[in-house]
Amino acid sequence: MKLGVNIDHVATLRNARGTSYPDPLKAAEIAIDAGADFITVHLREDRRHIRDEDVFNLKKSISTELNLEIAATEEMLEIAKKVKPYSISIVPEKREELTTEGGLDIVNMHSKLSSIIEEMHSSSIKVSLFIDPNIDQLKYLEKLGTKPDIIEIHTGDYCDNPSEKKLQLITNAAEYVNKLGIECHAGHGITYKHAKKMTRIPHISALNIGHYLISEAVFYGLHSVVKTMKMTMSN
């Protein structure tokens, strides 16, 4: 199973004092050296952490794939076409939220998402959609004219209040995505404890983890924390 390390909150720390450090690029390089399979960043509309120049620097400099999380806006799609990351992940976004609060509403967005997927594919960019583990939402993937390359299942509800029922919803969602012939990832709120559970779910091929890793890195160092997470996922 692959590990995608989200380095947004390295930029949060930098921006808190308006300094040039800590550098997200350096964090990405350390994470990759420790075993990260790809790097994820979320370029939010308000630029509260990652900035445009961070994204361009990462694309130019890192040795692994770059996954760019963005809202489904024209501004962000144009930036994606200029950066040309390995993949983009379309996420819902509200300015007042502290973090992404849920998955996309595929039911009401399937027409718009179809055109976005086609547009990105024409620029050789893979597309991931961030979706709750809700089969009623996932069924609408079949209405998309062009399939996304990846579905990332939102694990926040499970990670905030774990239960076997919620874990089963994620398992069922991953199985459904696999039957559609789409790669399945998972992310949001994952810790070491949750990662152990996620690795037992068939069909999930990657985890995206950010806030927890950066938080643990304050005490134990980023290299050590990423390495430990990779070992946790391997075991």
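Cβ atoms are placed via backbone N, Cα and C, with glycine included.
What Swiss-Prot says about this one:
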- HIS42: active site, proton acceptor (ACT_SITE)
- GLU69: active site, proton acceptor (ACT_SITE)
- HIS188: active site, proton donor (ACT_SITE)
- ASN6, ARG17, GLY189, GLY210, HIS211: 3-amino-2-oxopropyl phosphate binding site (BINDING)
- ASP8, HIS9, ARG44, HIS49, THR99: 1-deoxy-D-xylulose 5-phosphate binding site (BINDING)
- GLU152: site 'Transition state stabilizer' (SITE)
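Feature map: Swiss-Prot annotations on the structure.
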residue: ASN6; record: 3-amino-2-oxopropyl phosphate binding site; DSSP (3 states): strand
residue: ARG17; record: 3-amino-2-oxopropyl phosphate binding site; DSSP (3 states): helix
residue: HIS42; record: active site, proton acceptor; DSSP (3 states): strand
residue: GLU69; record: active site, proton acceptor; DSSP (3 states): strand
residue: GLU152; record: site 'Transition state stabilizer'; DSSP (3 states): strand
residue: HIS188; record: active site, proton donor; DSSP (3 states): coil
residue: GLY210; record: 3-amino-2-oxopropyl phosphate binding site; DSSP (3 states): coil
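Each of the recorded positions ASP8, GLU69, GLU152 was scored by the number of other CB atoms within 10 Å of its CB, and the largest score is that of GLU152.
In this record, 3-amino-2-oxopropyl phosphate is bound by ASN6, ARG17, GLY189, GLY210, HIS211; the longest C-alpha to C-alpha distance in that set is 26 Å. Neighbour counts were taken as the number of other C-beta atoms within 10 angstroms of each residue's C-beta; across the recorded positions ARG44, HIS188, the minimum falls on ARG44. With a 10 A radius on its CB, ASN6 (3-amino-2-oxopropyl phosphate binding site) counts 24 other CB atoms from all the protein chains. Between the residue listed as 'active site, proton donor' and GLU152 (site 'Transition state stabilizer'), the C-alpha separation comes to 10 Å. For the recorded positions HIS42, ARG44, GLY189, a Cα to Cα distance of within 10 angstroms from GLU69 (active site, proton acceptor) holds for HIS42, ARG44. Annotation: ASN6, ASP8 are the recorded positions among ASN6, ASP8, GLU152 whose CA atoms are within 10 angstroms of the CA of HIS42 (active site, proton acceptor).
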